[in-house]
Amino acid sequence: MSHPRYLLLPLNLITITLALLSQRSQAQLSPSFYDCTCSDVSAIVRSTVQQAQTSDPRIYASLTRLFFHDCFVQGCDGSILLVDSSTIQSEQDARPNKNSARGFNVVDDIKTAVENACPGVVSCADILALAAEASVNLAGGPSWTVLLGRRDSTTANFTAAGNLPGPFDNLTTLQKKFSDVGLHDIDLVTLSGAHTFGRGQCQFFSNSRLYNFNGTGKPDPTLNSTYRTILEQNCPQGGNGSVLNNLDPITPNKFDGNYYINLQNHRGLFTSDQELLSDPNATTTASIVNNFAGNQRAFFNSFVQSMIKMGNISPLTGSSGEIRTNCSVVNSGSGLELHIQIRHDSDTGSAAE
Ligand code: HEM
Ligand SMILES: *[C@@H]1O[C@H](CO)[C@@H](O)[C@H](O)[C@H]1NC(C)=O
Ligand SMILES: *[C@@H]1O[C@H](CO)[C@@H](O)[C@H](O)[C@H]1NC(C)=O
Ligand SMILES: *[C@@H]1O[C@H](CO)[C@@H](O)[C@H](O)[C@H]1NC(C)=O
Ligand SMILES: *[C@@H]1O[C@H](CO)[C@@H](O)[C@H](O)[C@H]1NC(C)=O
Ligand SMILES: *[C@@H]1O[C@H](CO)[C@@H](O)[C@H](O)[C@H]1NC(C)=O
Ligand SMILES: *[C@@H]1O[C@H](CO)[C@@H](O)[C@H](O)[C@H]1NC(C)=O
Ligand SMILES: *[C@@H]1O[C@H](CO)[C@@H](O)[C@H](O)[C@H]1NC(C)=O
């Protein structure tokens with residue numbers, strides 16, 4: 001007798017799940033996603049980020065970068081926040097993140113504050129999006145309306161994180177890595193402008209730009225020689241590769257348009273920065289650099305658009321993914337959660353029995 005019943009139950013579940021999926025497959029991110037369930041979420045994120053900055057002047061930059069490193073790896077789904085476990089090989093251990101990506105403790109603080117106000121509602125992926133916006137704006141950059149409604153992944157991709165855009169990449173490679181996620185020259189040049197604040201370690205430029213450009217044993221000829229002298233003092237050959245340098249020496253903690261002026265002065269820190277202007281093929285990117293160098297307002301407007309575009313990279317919506325309780329780990333018992341989700345959404349108590 002239990003046999004037909006056994007068959008019936010999963011069929012019901014499958015039918016309901018499919019109905020929910022198709023109903024929500026149109027799901028788009030929306031600025032009002034938490035209006036009824038957590039209307040203060042933006043303010044909570046902003047105040048926690050601002051508080052963190054009082055003891056960590058670099059945090060605005062670090063949180064802005066975290067959002068980028070999240071979105072470029074299987075979409076904006078909080079995957080970068082997952083630590084090693086039996087099912088997860090953490091993206092945090094991939095080369096571009098290891099001993100480099102930071103701000104995870106502040107994300108945890110934000111999550112705690114948000115959970116206190118509205119438990120189980122706000123995703124870690126959305127927290128990263130909100131924290132990036134708050135950071136840029138608090139550092140003097142533009143503000144914008146953040147689109148929300150992302151859900152959190154139950155997976156991470158260590159290999160894909162290893163393939164994030166890198167400081168040694170040439171323009172062609174950068175263009176390819178951006179176009180792979182639907183971003184183009186305007187987004188590449190605009191988002192690179194985030195290197196207007198924060199720090200970079202010697203290891204990401206000293207050999208390639210100061211001491212052994214392309215195997216020549218000489219400096220990169222596209223590097224300003226006055227700037228090079230300063231960098232050589234902070235990053236002696238064979239020295240400590242973890243020593244930090246300001247990405248924008250003029251206003252290290254401020255979000256402004258100086259990045260592009262620096263590029264015009266051959267003061268881009270990484271190969272990937274100066275390539276936007278100096279690569280022989282950089283006609284399109286160079287004209288964007290030159291436009292932004294003389295027009296901070298145009299840069300800010302473009303930055304808002306490109307951040308929104310980056311924030312739209314394959315989000316999980318509807319019934320895919322989950323709302324993590326702890327941003328560092330996937331929820332336990334995801335099968336059970338599917339049942340609970342269905343009961344809440346469609347009041348089918350018997351099917352979920
Ligand atoms: C275009 C390709 C990009 C490359 C190759 C690149 C590479 C890097 C590298 C190597 C660092 C220094 C990390 C360290 O020394 O530990 C860095 C820092 C940073 N990057 Fe990028 N980045 C790129 C694009 C972006 C984008 C799109 C954003 C954000 C929209 C961004 C925001 C930042 C920020 C704010 C920092 C400073 C972080 C801190 O001080 O903690 N970068 N980037
Ligand atoms: C992880 O990323 C790599 C490289 O981008 C890709 O080839 C692979 O299919 C991804 N793995 C999964 C499980 O999605
Ligand atoms: C850019 O880098 C890629 C990967 O290292 C290389 O294959 C390509 O030849 C380089 N392109 C140019 C124009 O230097
Ligand atoms: C780097 O060196 C290789 C081999 O010597 C050469 O073919 C290439 O043009 C050089 N690239 C640059 C950007 O100078
Ligand atoms: C290298 O520099 C980093 C950053 O300044 C510092 O924390 C670390 O202790 C240094 N390591 C050595 C071996 O000096
Ligand atoms: C090097 O930097 C200085 C200071 O910004 C600037 O005046 C000079 O024009 C730069 N040189 C080159 C070749 O860009
Ligand atoms: C860059 O320009 C060189 C010639 O200057 C050409 O051989 C190469 O294919 C170009 N690369 C791209 C990606 O357009
Ligand atoms: C979240 O998970 C991490 C990793 O397991 C753990 O170290 C941390 O204590 C957890 N945080 C909370 C608030 O439970």
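Glycine residues also receive a Cβ, built from the backbone N, Cα and C atoms like all the rest.
Look at His69 (active site, proton acceptor): DSSP puts it in a helix. If you look up TrEMBL, you'll see His69 marked as active site, proton acceptor.
Counting only same-chain residues at least 6 apart in sequence, those with a Cβ under 8 Å from the Cβ of Glu91 (Ca(2+) 1 binding site) are His69, Val73, Ser79, Ile80, Leu82, Asn97, Ala156, Asn157, Phe158, Ala160, Ala161. Marked as Ca(2+) 1 binding site by TrEMBL: Asp70, Val73, Gly75, Asp77, Ser79, Glu91.
Annotation comment: TrEMBL describes Thr196, Asp248, Thr251, Asp256 as Ca(2+) 2 binding site. Around Asp248 (Ca(2+) 2 binding site), the same-chain residues six or more apart in sequence whose CB sits under 8 Å from its CB are His195, Thr196, Phe197, Lys254, Asn258, Tyr259, Asn262, listed in sequence order. Look at Asp248 (Ca(2+) 2 binding site): DSSP puts it in coil.
Per TrEMBL, disulfide bond is recorded for Cys38-Cys118 (among others). Using a 10 Å Cβ-Cβ cutoff, Cys38 (disulfide bond) registers 20 neighbours.
Annotated disulfide bond per TrEMBL: Cys71-Cys76 (among others), in sequence order. Around Cys71 (disulfide bond), the C-beta neighbours below 8 angstroms that are at least 6 residues distant in the chain are Val181, Met310, Gly311, Ile313.
Marked as disulfide bond by TrEMBL: Cys124-Cys327 (among others). Reduced to three states, the DSSP call for Cys124 (disulfide bond) is helix.
For Cys235 (disulfide bond), the same-chain residues lying six or more positions away in sequence with a CB closer than 8 A to its CB are Cys202, Phe205, Ser206, Leu210, Gly241, Val243, Asn245. When secondary structure is read from DSSP and collapsed to three states, Cys235 (disulfide bond) falls in the coil class. What TrEMBL lists as disulfide bond is Cys202-Cys235 (among others).
Per TrEMBL, domain 'Plant heme peroxidase family profile' is recorded for 28-331.
Positions annotated as signal peptide by TrEMBL: 1-19.
Sequence annotations record features per position, and here TrEMBL assigns site 'Transition state stabilizer' to Arg65. Non-local contacts of Arg65 (site 'Transition state stabilizer') by the CB criterion (under 8 A, 6+ apart in sequence, same chain) comprise Ala101, Gly103, Ala194, Gly198.
All protein chains included, Cys327 (disulfide bond) registers 22 other Cβ atoms within 10 Å of its own Cβ.
Note on Thr251 (Ca(2+) 2 binding site): other Cβ atoms within 10 Å of its Cβ, all shown chains, come to 16. The separation of Cys124 (disulfide bond) from Gly75 (Ca(2+) 1 binding site), Cα to Cα, is 13 Å. Thr196 (Ca(2+) 2 binding site) falls within a helix when secondary structure is assigned with DSSP.
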